[in-house]
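So the structure is just underneath, and the comments pick up after that.
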Amino acid sequence: MAINAQEISALIKKQIEDFQPNFDVTETGIVTYIGDGIARARGLDNAMSGELLEFSNGAYGMAQNLESNDVGIIILGDFSEIREGDVVKRTGKIMEVPVGEAMIGRVVNPLGQPVDGLGEIETTATRPVETPAPGVMQRKSVFEPLQTGLKAIDALVPIGRGQRELIIGDRQTGKTSVAIDAILNQKGQDMICIYVAIGQKESTVRTQVETLRKYGALDYTIVVTASASQPSPLLFIAPYAGVAMAEEFMYNGKHVLIVYDDLSKQAVAYRELSLLLRRPPGREAYPGDVFYLHSRLLERSAKLSDALGGGSITALPFIETQAGDISAYIATNVISITDGQIFLQENLFNSGIRPAIDAGSSVSRVGGAAQIKAMKRVAGTLRLDLASYRELEAFTQFGSDLDAATQAKLNRGRRTVEVLKQPLHKPLPVEKQVVILYALTHGFLDDVPVNDILAFEEALYDYFDAHYDNLFETIRTTKDLPEEAELDAAIQAFKDQSQFK
């Protein structure tokens, strides 16, 4: 059989034309150092800052330092299987976390993977962990109240939707309890809550999750946890993962409350990473951009304009102080970023005043605009009364000869302190807070013994629920006080039929 040269060349040409190249082009590098949650790799000359990188064993990292010779990478997750000489490749993507309704009621790690043993999370939506905060024109002033259910906060340092309110205090002063109570009080308020636990013991996180489940709050809450036993990159990334999940709801017109418990531990984790990446240390060995670490996180909490749907993220960041020192580096940084702070004091906590809020050092810079009219009217002078009581109390240590006016002020002050106490996990609806504060400021408690105040309060609520529910309804719907004569008569009627005459 004769071989036709033309046929052969036509066949070869056809083969060449039909050839489909079947290979992927990826930029890869080689790991030159590994340890303590950090890797260095050569050969990734075009890597982007914050880009997700994949190691040969399937672990992921994030490019942090882009240097002339190599790239500093923080490893997200377990780094025990990574070795020097391993291949690391670019993905061309920045780090994203899963978001959406499917996350609600779940406990996840900072990568959005479930850790509660309840199976996979069915969601395809994702958001980048680092995104720019809304601009000035995309925002709106804070004007809607976020009721925490705690009298001391809602009366003295009110919080509005879209506000950042720092909770600062020593360890074991009830910071977490304040936030958990605020989450419990959002039941039925069409609010989604996110609790970010940073560097907590796993047993502690478990306790908080069980508390939320017990009171039915897990139905509208996402828990993001980076426990103390996890590598520092996960502690560093956890708050950003939490706020990315919150932004998905905010940009869909919903309201979110996010709690960061606590940012001191995130700053320590970031300091560890920065020192391992050989970034120059500054004050207290923190890197120079530790302010930006927190400012870019907290600026993402906002009240959006109506054009963008009017959603909001309200942030409650925590800072743990040492011996009540609120002038420490990280504490002053976060105080200057937030719209106010609630300072919890150890000596108040130990003397049985809980929540242990120091009214003198606590302030809400924008919450006043969000406070309902009824609360404004009953709590207007409360802060001044408390401050003058504390001053007089210190003064009376030296002598007992007091005129009647001073004695009356002291008596009112003691009752104010007692009224602002509240049992754990029992947040109060705002209408009940208004009634008891009205009774306090209008002298109805002046003849009630201090030790009976809490019993008086419970009995008053029960009596109003049974006989004067219309007054509660008026406060709920109009956000203002009912007729003073009507309220006075109702409280007096309760006193007349009770043992607190």
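Yeah, the Cβs are placed from backbone N, Cα and C, and that goes for glycine too.
For reference, Swiss-Prot has these:
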BINDING   Gly169, Asp170, Arg171, Gln172, Thr173, Gly174, Lys175, Thr176  ATP binding site
SITE      Ser362  site 'Required for activity'
- Note on the structure: Not counting Gly169, Asp170, Arg171, Gln172, Thr173, Gly174, Lys175, Thr176, residues with a CB within 8 A of the CB centroid of the ATP site are Glu320, Leu344, Glu346, Phe349, Ala356
- Task: Give me the non-local Cβ neighbours of Gly174 (ATP binding site): same chain, 6+ apart in sequence, Cβ-Cβ under 8 Å, ordered along the sequence.
- Result: Leu344, Phe349, Arg354, Pro355, Ala356
- Message: What does the structure give for the C-alpha distance between Arg171 (ATP binding site) and Ser362 (site 'Required for activity')? Integer Å is fine.
- Response: 17
- Query: Where among the recorded positions Gln172, Thr176, Ser362 do you find the Cβ with the fewest other Cβ atoms within 10 Å?
  - Reply: Gln172
- Comparing local Cβ density (other Cβ atoms within 10 Å) for the binding-site residues Arg171, Lys175 points to Lys175
- Query: So what sits near Asp170 (ATP binding site) in its own chain, CB-to-CB under 8 Å and at least six residues off in sequence?
  - Reply: Glu320, Thr321, Gln322, Ala323, Gly324, Leu344, Gln345, Glu346
- Query: Cβ distance under 8 Å to Gly169 (ATP binding site), same chain, sequence separation 6 or more: which residues?
  - Reply: Lys175, Glu320, Thr321, Gly324, Phe343, Leu344, Gln345, Glu346, Ala356
- Item | Secondary structure of Gly169 (ATP binding site) (DSSP, helix/strand/coil) | strand
- Query: Around Thr173 (ATP binding site), how many other C-beta atoms are within 10 angstroms of its C-beta?
  - Reply: 27
